[in-house]
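Swiss-Prot has this to say about the protein:
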REGION    1-270  region 'Amidoligase domain'
BINDING   13, 151, 152, 153, 191, 192, 193, 194, 195, 196, 227  CTP binding site
BINDING   13, 191, 192, 193, 194, 195, 196, 227  UTP binding site
BINDING   14, 15, 16, 17, 18, 19, 71  ATP binding site
BINDING   71, 144  Mg(2+) binding site
DOMAIN    295-547  domain 'Glutamine amidotransferase type-1'
BINDING   356, 384, 385, 386, 387, 407, 473  L-glutamine binding site
ACT_SITE  383  active site, nucleophile
ACT_SITE  520  active site
ACT_SITE  522  active site
């Protein structure tokens, strides 16, 4: 029977519940347990797919095509289990499900209420999500509850967790509460009162935490931990100090050294083998002892909020670990490039344009791509970054001066990028797609396996095929591919059924390393293995750096 660990947060948001949950899961997995993780989001949106990155940060796409919270990206990077749609759900999904049941008459005319109907539905979603992993045989499911204790939005989730612990009985549920211990500079001391109040608030709901993870900018002294223990009525050994670290991959060892996994295993009556964190220690050592150093320019419109590119940043770090390279990222606002200022690109060892939506800042990205192509700077374009590379090439190499995407200009003379319902096929007919087409209507989501053209950079990187995740509405227009290929572009991967361009590159006679991909490779990169595309990209930047030295 699967046992549950609920991870809650108090005082303020953004303390790192996702990292804490993923780190604990990584330790438990190293002890031989089968683990999975779930994220419960208290907002009313059905999913984060239509939310602004400024509001929510990155949207992480699972293998089965779910648009989910960015914490699921942390989960996949820390444990071996692959997340699914059932690993993340929101208040919106819960209410939607309950209302559908009410309309179908499943509640037999009863008054539908938060308790028991909403809380029962939350419990059903949690147990269903846990059962979807490891063929229903997960030993432990860690359940992160979004928001902070005291928020009205989180109350039904906390109540559902309390009811689950009562229903399943002792030793089947544990609670880990993450809280803030701020340092007040004017007083020169850490303050424990917010933590005391947060635990008190949790107890009012009926939940007594098994362990407290106390976040601070420095290690918390034993006397302060003893004070928290006394007022929170928790053993001192269960008051865990979690201070700011320069790498999230140090957190598993930090928690393990203070015995968090032992406390949880004792609470759940589990007796697994000792933890083996040697892999994490090797990764941290590689990160702290690089032999090389490069600077990559990330050109985007969300650069003021790096949470929007969380998986991409981590993928570059993973590549650095596996190539003994410190990867510095220079964030460049694409709108600033529209009025010039290309001199900011000169010191860079490589340029990257990530995914995105909307017209704002696109011309600045195109200028950066043109600079990379003309100055032989290694370039990687992801999703929109590939589409803009095609537009730039069409304009400046294939003599289509007005080339654009119909996302930005519906009246463009050369729509080299368009919605899948807008394509013109080779016979001049309008290509039609519907919701029954592979991966849905106008939004392609989830993983798709694609063969790769032999003799290309793509084949050197991936081999015979690639299986990556998608999240986009627009595609390179097949009608223009022959002209683009005639001008020198190489389409190195296409979908097997619709023949959609998945990867493009320039031959070495035109550029040493210029690659665009329609998918999102950052979603499958892990610190354990890195990712072949990002490793090749970092190696290309190193080669360019050596050549220019």
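Every residue gets a Cβ built from N, Cα and C, even glycine.
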Can you tell me the CA-to-CA distance separating residue 152 (CTP binding site) and residue 144 (Mg(2+) binding site), as a whole number of Å?
17
Which of 16, 18, 194, 385, all binding-site residues, has a Cβ with the fewest other Cβ atoms inside 10 Å:
194
Among residues 13, 191, 192, 193, 194, 195, 196, 227 annotated as binding UTP, what is the maximum Cα-Cα distance? Answer in Å.
23
Between the residue listed as 'active site, nucleophile' and residue 195 (CTP binding site), what is the CA-CA distance rounded to a whole number of Å?
43
Count the other Cβ atoms sitting within 10 Å of the Cβ of residue 520 (active site), across every protein chain shown.
22
Looking at the binding-site residues 13, 14, 17, 18, 191, which has the shortest Cα distance to residue 520 (active site)?
18
Diameter of the ATP binding set by C-alpha atoms, the set being 14, 15, 16, 17, 18, 19, 71, in angstrom:
12
Including all protein chains shown, what's the count of other C-beta atoms within 10 A of the C-beta of residue 473 (L-glutamine binding site)?
14
What does DSSP call residue 384 (L-glutamine binding site) in the simple three-state scheme?
helix
Residue 18 (ATP binding site) versus residue 191 (CTP binding site) - Cα distance in angstrom:
24
